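S.K.: Copying in the features that Swiss-Prot gives for the protein in this structure:
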type	residues	note
BINDING	127-180	ATP binding site
BINDING	Asp249, Glu262	Mg(2+) 1 binding site
BINDING	Glu262, Asn264	Mg(2+) 2 binding site
DOMAIN	100-295	domain 'ATP-grasp'
Amino acid sequence: MKVLLIAGGWSSERDVSLAGARGIEKALCALGHDVTWFDPATSLDGLLEAASSHDFAFINLHGSPGEDGLVQAMLDTAGCPYQGSGPAGSFLALNKAVSKQLLRRHGILTPDWAFLAARPAADWEPGLGYPLFVKPNTGGSSLCLSRVTQPEGLAPALEAVFAHCGEAIVEPAIPGVEVTCGVLGDTALPPILIRPAEGAFFDYTSKYTPGGATELCPAPLPAEVTAHVQDVTLRAHRLLGLRGYSRADYILRDDGALFLLEVNTLPGMTPTSLVPQEAAAIGLDFPALIARLIELGMTAAGR
């Protein structure tokens, strides 16, 4: 097939997108596909025309215009199939303040939060206690994520977010271990337990620096806990109207309470990223995972 590989974009996660796309291109070529790159930052105006002349689009964008559903809407207009969720599910999952309301309404635990659409007054306090996390409301890769332990650290953390993003979300730090779990088709994958370097948390540096974190797959958790993580992951995937694949990130507290932090509709796709690790645990190497995502995308488009 003629595959349009969409990567780059204009978000702060551009470099992550391009790095992952190189591995995807290699896998697509190994599968026998003819690959053409398209970078929305260069010419978003040309996407409809490019998509119309290709059999499939593989999206590897992080942040806007991929995770917010814009590219998916344009591909739908062009009649070009693609992997993953459609415009509505993509937008809903990317917006943490909105998706958290939906998840909580349906009984899924998520940390309390304060949402900010603009810089607050200098003396503003979220009333969530310390430590807490400050992060963009619509963003990934843990960019601009700050852990704040004292009130005097709140204003600089918020400024770091608003320097790059229009909205912020503040959450209390939940003590526990970090767990992530992917969905492929209608199946929850084996969860991963993440152990950041001592004294750190799973921020951008930990994610993309060798040795920044230890990722244990499958997670060394009791069978009933693993089953619970997978069940909640599938529920969240369906509640948000997602399809194809996704990845949910959690904090698992010592008492067994599982707090869903966010759901990613275009999770990292380097061969060593989290979802590819989970797929490998069930016998799917990276090219096989890419092939499965294409198959799911074609099926969703009725092809």
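Positions of Cβ are set from backbone N, Cα and C atoms, glycine also.
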S.K.: Measure from the CA atom of Glu262 (Mg(2+) 1 binding site) to the CA atom of Ala155 (ATP binding site) and give the result in Å, rounded to a whole number.
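M.R.: Approximately 24 Å lies between the Cα of Ala155 (ATP binding site) and that of Glu262 (Mg(2+) 1 binding site).
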S.K.: What is the one among the binding-site residues Ala155, Ile169 whose Cβ has the most other Cβ atoms less than or equal to 10 Å away?
M.R.: Ile169
S.K.: Would you report the average pLDDT that the model assigns to the domain 'ATP-grasp' (100-295)?
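M.R.: So the average pLDDT across the domain 'ATP-grasp' (100-295) works out to 92.
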S.K.: May I ask for the distance between Gly176 (ATP binding site) and Asp249 (Mg(2+) 1 binding site), taken between their Cα atoms and rounded to an integer number of Å?
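M.R.: Answer for this pair: 13 Å between alpha carbons.
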S.K.: For Gly176 (ATP binding site), list the number of other Cβ atoms lying within 10 Å of its Cβ atom.
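M.R.: A count of 16.
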S.K.: Out of Asp249, Glu262, Asn264, which of these binding-site residues is nearest Ile169 (ATP binding site) by C-alpha distance?
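M.R.: Nearest candidate: Glu262.
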S.K.: Over all shown protein chains, what is the count of other CB atoms within 10 A of the CB belonging to Asn264 (Mg(2+) 2 binding site)?
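M.R.: Here the count is 22.
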S.K.: I'm trying to understand the geometry here, so how far is the Cα atom of Asn264 (Mg(2+) 2 binding site) from the Cα atom of Phe162 (ATP binding site), in Å to the nearest whole number?
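M.R.: About 22 Å separates the two Cα atoms.
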S.K.: Please report the three-state DSSP label of Gly176 (ATP binding site).
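M.R.: Its secondary structure by DSSP: coil.
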